[in-house]
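Asks: Take a look at this one; I'll ask things after.
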Amino acid sequence: MFVDHVHEMFAGAGVPDWVDWFGRPVATIFFFLSVEGFVHTHNQKRYLSRLLIGFWIMQIGNAVLQRSFSLGSFGLINNIFGDLFVGVLTMYGIQTLSQGRQSHQASKIWGGLFIIVLPLIFAAITMGILAAWHTNPILTGLASMLPSPLIAENGILLYLGPLMYLLRKNRNWQMLAIIAVAWIEVNI
């Protein structure tokens with residue numbers, strides 16, 4: 001992943017495109033490992049909270065770097081913890097929804113749906129704040145602390161993690177999902 005980010009930062013200086021190939025599989029591996037971590041952890045809420053704390057620390061670090069060094073029009077969005085948090089939160093929502101369906105508890109079903117939709121709500125809030133031309137810089141900074149697909153490093157592709165979670169009992173289907181998502185990423 002480090003090599004991928006080096007390529008991203010110095011592509012304009014002539015770093016060849018093939019350098020990017022080494023970092024591409026890393027996010028997929030992280031998503032797979034997040035599924036395994038979520039399934040096998042003893043405390044899923046603590047797992048989520050640690051990913052969220054990692055996201056916040058990286059967001060603060062990115063903000064400090066952007067203010068400390070002149071990056072021109074380049075903005076730092078490299079924060080895999082946001083992608084992992086949103087993916088694992090979605091897995092938690094899927095699990096809660098599934099438990100609600102099995103136990104016929106409407107509150108769990110609605111709670112699971114809310115958890116799944118929450119990152120999209122965060123994206124709408126962030127977009128609304130960033131779209132306002134007169135936005136307070138403090139408000140903009142706070143909006144960047146809301147994990148969502150809008151500010152995720154891998155964008156909507158972060159949902160590969162929850163997809164692999166749904167297919168976790170069949171490795172062949174997981175591999176096909178990875179191939180399909182890779183094909184979509186390359187062709188869009």
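From the backbone N, Cα and C atoms, a Cβ is placed for every residue, glycine too.
What you see is a predicted model, and the numbers here were worked out from it, not measured in a lab.
Dumping what TrEMBL says about this protein:
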- 21-39: transmembrane segment (TRANSMEM)
- 51-69: transmembrane segment (TRANSMEM)
- 75-97: transmembrane segment (TRANSMEM)
- 109-133: transmembrane segment (TRANSMEM)
- 145-167: transmembrane segment (TRANSMEM)
Asks: Same chain only, please: residues at least 6 beyond the ends of the transmembrane segment (109-133) with a C-beta under 8 Å from a C-beta of the stretch. Say none if there are none.
Replies: 86, 89-90, 92-101, 139-140, 143-144, 146-151
Asks: Take the transmembrane segment (145-167) and find every residue of the same chain, 6 or more past its ends, with a Cβ under 8 Å from one of its Cβ atoms.
Replies: 27-28, 31-32, 34-35, 38-39, 52, 55-56, 59, 77-80, 82-91, 94, 119-120, 122-123, 125-127, 173-174, 177-178, 181, 184-185
